[in-house]
C-alpha cells in the first residue's frame, strides 16, 4: 500500500471480485449496448428508408438515400457523440460521475424512442426529425463513454481492473448481436404477414406500406435495455475516488464504500493543500500527462479511421462476394433480413470474440501489448486484402476475402478498439480523468467521421462511369485499403507514447501519490 494511499481507496484496490463489480459492468455497459445497437441498426434502416421515401418510378434499381441525406443520417449521430464526449466528460469531473450519469441515460432513452417517431409523411420531414433526434441520441451516448469508463475504473480492484473496463466496452458486442437478431425477427414476421414480390417484378408492391413501421420498431426497441438499468444507475453511489480526491469528502467516501463492499471502512482526515491542484491547461499537466494525452487521443483517432471505414465496406463487400443478391431481386423486407443476417454472422464470428479475448487477457499480457498486436495484425491483413485486391474480386476467392476481412475485425477488437477505451480511464488524475477520457474518445469520433465519410468518397472507382449515384470518382477500394494499412502503422507507432497501467493502483499510475509525498517532504 502506498504510504499516502487512503484506506478507502486501498480497500477498493485489493477487494476480491464481488457481486457489485458485475452489477457495475451491466449498469455501465448498457449505454454501449444502446450505442452499438443503434449504430448497427441504422445501416439496415437506411436501405429501407431509401426504398420507402426515395422510390423513383420506372427506375431499374430500388430507391436509395441521396449521398447528402445518407451522410446526414449517419453523420449527425457522430457529431452528437463527439459533442457529448467533450461536454459530459468535462461535466463528470465538475459535478461528479453519478449526477451526470442519469442525464446521459435519460437522453438516450428519450431520443431512441423519438427517432422512431417522425413528424409528417414527406421524405424531408421524416429525415429532418430522424436527424434531429439522432444528434441528441449521439449526445447522450457520447456522455456515456467517459462516464462509464471512469466509473468502472474507479470501482474496480487493481488486479482485474482492465478486464472490468473492457467488459463494459464489450457490451457493444451484445448490442450488435441484439440489433441483428431483432432486425431478423421483425423482418421475418413482416415478411410472413405481408408477402410482397421482388422489386424487378413489381417495383411499387415490393415495398409494403407496413415496412414503414418496421424501421421505427427496430429503432425504438433500442431504448429498452437502457431504460431497464436507469433505476440501478440512480442507486449507484458516487465513486469513492471522486468523493475523496476531488470533492475531498472522506467521510462520505468511506460511508458509500462501506455500504457497497459490505465491510467497515474508517474515514481519514487529509490535510487539504491547494498547491498541488494544477489545472488541465497548466505547464505541470503538460509536463506530467501531456504526452500521455497525445498518445491516447492519437491512437484512438487512428484506430477509428480504420475501424469505421471497414463498417462501411461491409454492405458492399457482402454484395460483391454474393452473400447478398442484387437489391432489385428482393423486396424491401427481404433486403433487411438478408443484410441483418450477413452482418450478424460476421459479428458472431469475428467482432464479439475479439472483445472477450481482450477481457480474458488484458490483465495478463497488458494493454500495451494487446494494442501493439492489434495494430500490427490490422496492418498485415489490410495489406493482404489490398495488394492482391484483383485476386480477391474473383468469384472463387470470395471466402478467402471474408476470412481476412473478419480477421481484421477480430484484431481491432482484440486490440486497439478495446484498449484505447480502457487506458484513458486509468492513467490520468481523478480530477481530470473523465475530461481526458472525453477528449481521447472525441478524438476517436473525429477519426470515425473521416473513416465513415472520407472513405465513402475515397473508395469510389476512379472511373467516372462506375461510381455510385451522386459521388465523384475516388481512388478505388484497393488504394483505400492501402491508405488504411498506413493509418494502422501510424497507430502502432503512437502506441509507444502510452504507459502500461496493468496491476498498479490508479493513484500510483496518475502520480497522485507522489504529489502527496512531495508535499509531505516539503512540510
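Using N, Cα and C of the backbone, Cβ positions are placed for all residues, glycine too.
Summarising the annotation, TrEMBL assigns transmembrane segment to 20-49 (among others).
The domain 'Major facilitator superfamily (MFS) profile' annotation in TrEMBL covers 24-503.
The transmembrane segment annotation in TrEMBL covers 69-88 (among others). With a threshold of 8 Å between CB atoms, the same-chain residues lying at least 6 positions outside the transmembrane segment (69-88) that come near it are 35, 38-39, 42, 46, 49, 54, 100, 103-104, 127, 130-132, 134-147, 434, 438-439, 441-442, 445-446, 448-449, 452-453, 456.
The transmembrane segment feature in TrEMBL is assigned to 100-119 (among others).
Listed as Cβ neighbours of the transmembrane segment (163-190) (distance under 8 Å, sequence separation of 6 or more from its ends, same chain) are residues 21, 24-26, 28-30, 32-38, 40-41, 44, 148-149, 152-153, 155-156, 208, 210-211, 214, 217-218, 221-222, 225, 333-334, 336-337, 340-341, 343-344, 347-348, 351-352, 355-356, 358-360, 362-363, 413, 418-419, 421-422, 425-426. Annotated transmembrane segment per TrEMBL: 163-190 (among others), in sequence order.
Per TrEMBL, the feature transmembrane segment maps to 213-232 (among others). Listed as Cβ neighbours of the transmembrane segment (213-232) (distance under 8 Å, sequence separation of 6 or more from its ends, same chain) are residues 23, 26-27, 30-31, 33-34, 37-38, 41-42, 44-45, 48-49, 52, 102, 105-106, 108-110, 112-113, 115-118, 178-179, 182-183, 186-187, 190, 333, 336.
Taken from TrEMBL, the feature transmembrane segment applies to 345-362 (among others).
Summarising the annotation, TrEMBL assigns transmembrane segment to 368-387 (among others).
Away from its own ends, the transmembrane segment (399-418) comes close to residues 166, 169-170, 173, 299-300, 303, 306-307, 310, 313, 317, 321, 323, 346, 349-355, 357-359, 361-362, 370-371, 373-375, 377-378, 381-382, 384-385, 392, 491, 495 of its chain (Cβ-Cβ under 8 Å, at least six residues beyond either end). The transmembrane segment annotation in TrEMBL covers 399-418 (among others).
Residues annotated as transmembrane segment in TrEMBL: 438-459 (among others).
Taken from TrEMBL, the feature transmembrane segment applies to 480-498 (among others). The list of residues near the transmembrane segment (480-498) in space but at least 6 beyond its ends in sequence, with Cβ under 8 angstroms from a Cβ of it, reads 291-292, 294-296, 298-299, 302-303, 305-306, 309-310, 367-368, 371-372, 375-376, 378-379, 382-383, 385-387, 389, 416, 423, 427, 455, 458-459, 474.
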Review point. When the pLDDT values for the domain 'Major facilitator superfamily (MFS) profile' (24-503) are averaged, what is the result?
Key: 86
